[in-house]
Amino acid sequence: MAAVTSEFPSKPISYTSTNTSAKTYYLKSVKKRVTTCFQQLRDKLQSSGSFRKSSSSCLNQIFVRSDFSACGERFRKIFKSARKTELPELWKVPLVAHELTSRQSSQQLQVVARLFSSTQISTKEITYNSNSNTSENNMTIIESNYISVREEYPDIDSEVRAILLSHAQNGITISSIKSEYRKLTGNPFPLHDNVTDFLLTIPNVTAECSESGKRIFNLKASLKNGHLLDMVLNQKERTSDYSSGAPSLENIPRAPPRYWKNPFKRRALSQLNTSPRTVPKITDEKTKDIATRPVSLHQMANEAAESNWCYQDNWKHLNNFYQQASVNAPKMPVPINIYSPDAPEEPINLAPPGHQPSCRTQSQKTEPTENRHLGIFVHPFNGMNIMKRRHEMTPTPTILTSGTYNDSLLTINSDYDAYLLDFPLMGDDFMLYLARMELKCRFRRHERVLQSGLCVSGLTINGARNRLKRVQLPEGTQIIVNIGSVDIMRGKPLVQIEHDFRLLIKEMHNMRLVPILTNLAPLGNYCHDKVLCDKIYRFNKFIRSECCHLKVIDIHSCLINERGVVRFDCFQASPRQVTGSKEPYLFWNKIGRQRVLQVIETSLEY
């Protein structure tokens, strides 16, 4: 049980002693006068002759007929005299009562603000103590009511304290505690009623009432969490809707999530101070001047951010890369970026989805009108008679590649297929996002589910098997395979996942394809789920043991530190919804993608 101490007055509010004594005296006098009146009336009726002649059943008629007028006059005189004497006092009582009521309401408003902060947890019986000097009340909360909840959820106290510790600057409301608990554990909060009483039974938990009337919970410092509490309190202050400060932007309703196929025109221009009003349009006459003019590092970074809305969390890599690219890149006309708002908008006549021309069987065409149907990234330049298709060039250079344009004989013959150098990629949203952001591979048009080659959003192992049957690849093609995360997130049994993976490898061998396997990376938004993390560990162990005759790239180790803890600085800030699965994905940021690419490229060889 927990005792809540407040400062309500111990005795009931009463009027002054003079008013109370006067009221008691008037009541006694009225009672005495009425009693005397009835006694005189009874004596008078007994002395009359009509009372002796009548029976007892006619007492009411005799009483009313004989002396109604006299009795009414007596009552009228009694109440009239009492009204005259009490009238001056009745005018004073409501005024005094109003003053006391206003004083009481002001005291209650002050007490409510400190009601929850003065809470003390105890295991005693339910008691009520009052003291006229201190004016304190103790009400209790029965702690034994929540024993069953703690037996079913043994870690709920520590989890709630962790949530309160992370919001120690401004406190947190009950609704926010429930949402944070669901994000932390994946389960709904076990209580729906009396949540305040339950939270106050947790040691070192305090509560107070804000100006808006919301109950704000916080955590007191102790020997165990004192250093952590100081660290949180010394962080950069952030206000929230449930604190006394200004409202925060984190609780303002956001726009629905944008899928990758939607915002091809990136909105990085506003952050890079490159507004369409201030940037002049690029014309064909100026392309030669732009190609020969020395380009600054900041301008090159802005151009990269326009075509690739990357996260600016690895500026060191961007700095080194563009310095190297500016030295090694040949002098050639700069292509117009079709994603830039400055590019001229031309009508593009696309074929229907069912009659899309096949890039594998159709020969290259030099006419600009025919190239529009093939999704070409560049426009024809002055003095160039040969239009280079995108698949004739190596992808955007990563860590170990240069910035020059080289022809590749083994590159997949498609504008949309995801590949790294000459190696096709097969995987789910992690590989799809990696190919889009780092390798500049495009998505296949007119598809509801985002896909690029063998990379499909929400791709499972069985889905990869079915997709592999519809793809024609030359024998001996080495395919980088990263698959299995979706099956694990959907709760599929591990033995079934391993069986499907064996069938996938077997079918690739039957098609004379060479798989280059990668183990699964840690799932940043499921690190709290020990069962799922253990399943990932066992599946990676299975890949290493069963596929010992194949090349296996360990990308899991580059996303954890030496103690086995996940490097959350390699992940984005929050999960994102994808088109092919209902499970949210916490993608790698720029640092994480570059780490994975570096590990993969280091292990590749022809």
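Backbone N, Cα and C atoms are what each Cβ position is placed from, and that goes for glycine too.
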Item to check | Candidate annotated in Swiss-Prot as phosphoserine, out of Ser275, Ser340 | outcome: Ser275
Checklist outcome for this item: Checking Ser50, Ser175, Ser270 against Swiss-Prot, the one recorded as phosphoserine is Ser270
Item to check | Model confidence over the domain 'HTH OST-type' (152-221) (mean pLDDT, whole number) | outcome: 86
